[in-house]
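S.K.: Structure provided below as structure tokens; questions to follow.
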């Protein structure tokens, strides 16, 4: 097979996704930064407009964070279902349900590469905006206060805050490109034969070394790029702290004393009322594009009906109606109509979450205090997460097809191969969450535990209570990711087992009708609950 065309299509998808994610994501990050900084000033000093703008900033900030977390946690197959319900061939904007039409969705433009770039780009925009905002919150206030003496808020954001938060932004852009290069759910739906999708369609049944290496070349390049950028960004962060602790910090002593230890405060300078209003509008626009419009599209599609009637001239006309009663009725019937899919999804998600957390916890624990081991695990985690799903599934299939006694029965009659396949990319997620949790445990607590307790008692009495939130977060994150990892699930799922992700993937090829919309909404509700929990935990 000629791999040049899939390679060029993959590069085209990556470039388009990065452009959209950068444009939308930076607008959202700017709005979030201005809104949160204006929020601190408004409540501290009474605000402008009798506090109305401050209330709007608070609401927009919370909505932005919830929308971004929900978008990142939402599996790609659900993003595809939501936008297909909005602008696809059978979407509510297309106003058609006739399969005989050649209409390809939203005036024929929402299809193929355009649809793939749009879906991947908006998911990347959520990562870019959230990562940039988090990076800006970690900037020491001494730099922002010094910059506020010399330039206005707009110039300060572009010339000071954004360059200092660049490692976070670039990492999110690289993650967007890497995800576009390795994910095949949306590409397969719209017929864009990228490297991952070509491998899934033409080589999964009988792969060779050339096809595997050709599919892994871009993930390997991006793994090395992300790892190198992470180390460079890490050193850059150390240089920034050195600048704070160095001789130049004496000139900022009076400015920084009041904010010492409070690097998350963003109320540096006062933005104009016009800037605050623009920031609120930017947040609502970004949240609507990334999360609110897809959710509304699923709700609309659940109550959407199209009836074909014959006109007086004998032509067939599509009559489109929407009924709130039908929408509610279909949503209430969905847990019964798709009970099998929901049950298997819960079992698959919980099994993969438990397995991934069991593997990741010892890695994070042994990495604490062992820099070399931790660095090796960090690199391995990034590399494992970037392996395309079809190759992960194929690896598990080959392992269970080695001819050992009982392996075939385990493969065909149990969910163990499915859990293992989903844990390959789930372990890195759990590891990074637990690694962050271990960083929050003070060294004095660790040293005291080593003196008084054995290894097993220390894990049970100290690590387990202190990491309870991180353990729960890792299990929930892995469960959400695993239930939507369709590319890794399809090769290893046993016969007769259907999850929400695989069912959506199969049915989306015929259009997102109300059945698929009602199936996806309950899945999305669970993700929104997870996003809300993560938001509350972050805001503590």
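Cβ coordinates come from backbone N, Cα and C, glycine included.
All TrEMBL annotations are machine predictions without curation.
Below are the features I grabbed from TrEMBL:
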TRANSMEM  20-43  transmembrane segment
TRANSMEM  63-83  transmembrane segment
TRANSMEM  110-136  transmembrane segment
TRANSMEM  157-181  transmembrane segment
TRANSMEM  209-232  transmembrane segment
TRANSMEM  277-300  transmembrane segment
TRANSMEM  342-364  transmembrane segment
TRANSMEM  376-396  transmembrane segment
TRANSMEM  416-434  transmembrane segment
TRANSMEM  466-484  transmembrane segment
TRANSMEM  517-534  transmembrane segment
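Can you walk me through where each of these features ends up in the structure?
M.R.: Long-range contacts of the transmembrane segment (63-83) within the same chain, counting only residues at least 6 positions beyond its ends with a Cβ under 8 Å from a Cβ of the stretch, are 28, 31-32, 35, 91, 110, 115, 118-119, 122-123, 126-127, 129-130, 183, 185-186, 189, 283-284, 286-287, 290-292, 294-295, 297-298, 477, 480-481, 483-486, 501, 504-505, 508, 512, 516-517, 520, 523-524, 527-528, 530-532, 534-535, 538-539.
Residues of the same chain lying 6 or more positions beyond the ends of the transmembrane segment (277-300) and with a Cβ under 8 Å from any Cβ of it are 24-25, 27-28, 30-35, 38, 53, 56-57, 60-61, 63-64, 67-68, 70-71, 79, 81-83, 85-86, 91-92, 122-123, 125-126, 129, 271, 322, 327, 517, 520-521, 524.
Away from its own ends, the transmembrane segment (342-364) comes close to residues 335, 377, 415, 418-420, 422-423, 426-431, 434-435, 437-438, 471, 474-476, 478-480, 482-483, 489, 497-501, 522-523 of its chain (Cβ-Cβ under 8 Å, at least six residues beyond either end).
Only residues 6 or more beyond the boundaries of the transmembrane segment (416-434), in the same chain, are considered here, and those with a CB under 8 A from a CB of the stretch are 348, 351-353, 355-357, 359-361, 363-365, 377, 381-382, 384-385, 387, 389, 392-393, 395-397, 400, 410, 467, 470-471, 473-475, 477-478, 481-482, 485, 488-489, 491-494, 497.
Remote same-chain partners of the transmembrane segment (466-484), defined as residues 6 or more beyond its termini with a Cβ less than 8 Å from a stretch Cβ, comprise 73-78, 345, 348-350, 352-354, 356-357, 360-361, 422-423, 425-426, 429-430, 433-434, 436-438, 440-441, 445, 499-501, 523, 526-527, 530, 533-534, 537.
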